[in-house]
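> Sharing the features that TrEMBL gives for it:
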TRANSMEM  34-56  transmembrane segment
TRANSMEM  68-99  transmembrane segment
TRANSMEM  111-134  transmembrane segment
TRANSMEM  141-162  transmembrane segment
TRANSMEM  211-229  transmembrane segment
TRANSMEM  236-252  transmembrane segment
TRANSMEM  258-275  transmembrane segment
TRANSMEM  282-304  transmembrane segment
TRANSMEM  324-344  transmembrane segment
């Protein structure tokens, strides 16, 4: 590794301690290593789907058809397929988040905090779940998360050296960090179809702000929403809403890509089935669809042309669609819909 925390083969974007996991794959040829990662991800997604089904069945009946559909959604929706095809660890992190939530529901706080911390180590931004733990007054879980998270970084420094750990944080701040979440108004939507961060519309509305300005403004907009949702939590549905709102804010605050949509699958699917109010249920259902829509003007134009529509009409439609998608991607609208559902739940509960 050089001083920018990269090598001749590219950039390794996780903290050094995660090498202890990924090093196992170096024992195998690439195709076999990819296959192992694929199996691990499928098992993780299957666990998350099973947990969702079990949680729903604890509170209402669920048909076998719905159970199968939930499993297929967790395994083969757009966000899941993106994670699988890219060899990403997001489905494994999803399983850790779900496991942590279920342990917390059973008041096993030490296990819950540790699970959340392990999920946060590779990507860092899941550390925002600390706010959720504090809102639950799960003090032991919060302390467990801090201990495991800090301990993981220390293990990385001890095993791979302080210099490499320092280089990671330098690289994170200077080359990746929240900078990847900033988009200019002139960026073609076709080049950013995975972008879901709130910084995208903010960069269009306030083009003169710097990166830190967008981040701070995002915090100003999102944290009060979280505070509102956290107030007066009572019961399973309220807690699921608080968990979902935290995950949504986590995704649209920092990381910029659609592949993180899997993180909100568990609470969103469970709430869709446990919500009795038709309006709130519809909002959650729309969110489930939109976060999995990869939609760019070029694809829409191709579809319209396939219908043999007049070229001037197609051009006019694309002229309207392009700036809209340049302002906010369809998946971002899906995440905002989920957050809206949380707010509506809090207001009407």
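For all residues, glycine too, the Cβ spot is worked out from N, Cα and C.
Curation plays no part in TrEMBL annotations; they are all automatic predictions.
Please situate the listed features within the shown structure.
Sequence-distant contacts of the transmembrane segment (34-56) (same chain, six or more residues past either end, CB-CB distance under 8 Å): 25, 28, 62, 67, 70-71, 73-75, 80, 83-84, 87-89, 91-92, 94-95, 98-99, 102, 262, 265-266, 269-270, 273-274.
Within the chain carrying the transmembrane segment (211-229), a Cβ under 8 angstroms from the stretch's Cβ atoms is held by residues 131, 178-179, 181-182, 197-199, 202-203, 241-242, 245-246, 249, 252-254, 339, 342-343, 345-346, all 6 or more beyond its ends.
Beyond its flanks by at least six residues, the transmembrane segment (236-252) meets 59, 97, 101, 105, 125-126, 128-129, 131-132, 135-136, 196-198, 218, 222-223, 225-226, 229-230, 260-261, 263-264, 267-268, 270-271, 274-275, 332, 335-336, 338-339, 341-342, 345-346, 349 of its own chain at Cβ-Cβ distances under 8 Å.
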> Same chain only, please: residues at least 6 beyond the ends of the transmembrane segment (141-162) with a C-beta under 8 Å from a C-beta of the stretch. Say none if there are none.
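Non-local partners: 15-20, 104, 109-114, 116-118, 120-121, 127, 129-130, 133-134.
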